[in-house]
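Novice: Below is a structure I'd like to ask you about.
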Amino acid sequence: MVHTISNVDPDKYSYIKLLQDVGELSLSHVSAVIGFAINLHCDIPGSNDRMTVSSDLDVLKMFEIHNNEAFVPSVGENLRKSTCNTAANPSVNVEVHGGDDFSDFDSNDDDEYSPSSDDSSTDEGKGEGEGKSTSRVFEYNLYREEYHARKGDKIVLKSGQLFENVDKFREVLRDYTIQEGCSIIRKKNEKARVTAHCVDSSCIWRIHASPLPDGVTYMIKTYTGEHTCVRLQSNSNANSSWIAKKLGETIKTNPDIKVDAMQTYFQKTYGIQASRMQLYRAKRRALDEIEGKHRSSYTMLPMYASEIRRTNPGSLVKIECQRPSLLMNPLFKRTFIAFEALFKGFKAGCRPFIGIDGCDLKGPYGGVLLAAMSLDGNNGLFLIAMGVVESENRDSWGFFLQNLNTVIGAHSSEVPWTFMSDQQKGFDRVIAETFPEATHRRCCRHLCANIRTTTSIGCSLHGSQATRSQCFTKELDLPASGA
């Protein structure tokens, strides 16, 4: 099968472009997990010599040798025996070699490893040089299955074991040291090699691993797995980050898991005694990974506001920030959110009644959640607007009510609004300034709670519904008149 690379300008054709074109034609059906190196050569007409093509200058020479004719690589159906030669036009031979050419470090441990006969891909019954073509394009080793530690299984290391990359190898090595109750010193801990030995000088345990020719897959080259030291009860590798990773799925399904249960699990599973502070930090880390961090969520507020305006046209979103200095980034102060469907639904189908209250937010940054509610025709709660402010004060209530006035107006088409709230300081004045025609009423539950805390008189909510003075006196335990 012959492929033609057209539209080639010999004066502008670069080495990188040549490498990309040949790779697309010759390597399109090769598995991405195979590691190989590519060398480009140009046959010199009239001789058996070949010129190595490794730069833009070599590409220009290649076209000069062949009188600036476009080259036509020929790729055979059998990939392992394919060539890139043609009779009349310039040709490019692609050679792919296995081996340790990619290893850029010098280590005697790498020389100690000899793959077993099962790992070799030699042909039996053939001598050296037999059955091998000098023009063979691809020569590579297919790697064995990589090691993946299953949850609950004991980790067993051995020479020749493969890992996805250096990070995966380090992760398994860390789990192994915690499992065995030992501490190690990493003499070399680089991307090119990892060499470690036991912290006890009398212990013979040692391991060395380095990448294979693909530069990514890691393999244990040398391993002495016998520990002659004493097992440790505590391990510095079992920190809060490691615990959070191991408990991630458990905390995801059970976010309210207790620290005592976590401590029992690690004692039974890994034989380590983690402190309560470690477990608390680990749980916090795991929840941050699952739910996201509070700090990063504040930076997403402008995007959230834009998304509300895009998906709910007519909605009102206000974000107020404070910036003490031009050298500081803006800091979140308060926000107001009102969806168009909610405040239009309130004006069209709810009673002219608005209940307003706030509740403290539990979290690292605190704040107060404000909400404006109403009642629909079935006496069900109907949300009108909500907001988050720094605290309940005159300034924050003014911010909330002014924006509420923007979306619902100063009064309904028939009667003024009726507001109900607790006895928040300054709220009466803000209501009078923002909704001058509105009526303001107190919540009976808050009035009852205030009477109980400020006086010795008993109080019942049934007293607020009394229609006769005798019933009211009885409910509030007041002395009867004339007694």
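Cβ coordinates come from backbone N, Cα and C, glycine included.
Please treat TrEMBL annotations as automatic predictions, because they have not gone through curation.
In case it's useful when we look at the structure, here is the feature table from TrEMBL:
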- 101-113: compositional bias 'Acidic residues' (COMPBIAS)
- 123-133: compositional bias 'Basic and acidic residues' (COMPBIAS)
- 156-220: domain 'Transposase MuDR plant' (DOMAIN)
- 354-450: domain 'MULE transposase' (DOMAIN)
- 90-133: region 'Disordered' (REGION)
Novice: How do the residues of the domain 'MULE transposase' (354-450) split into helix, strand and coil according to DSSP?
Specialist: 30 helix, 32 strand, 35 coil
Novice: How many of the residues that make up the domain 'Transposase MuDR plant' (156-220) does DSSP mark as helix, as strand and as coil?
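Specialist: Looking at the domain 'Transposase MuDR plant' (156-220) with DSSP, the answer is 15 helix, 22 strand, 28 coil.
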Novice: Which value does the mean pLDDT take for the domain 'MULE transposase' (354-450) in this predicted structure?
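Specialist: In the predicted model, the domain 'MULE transposase' (354-450) has a mean pLDDT of 85.
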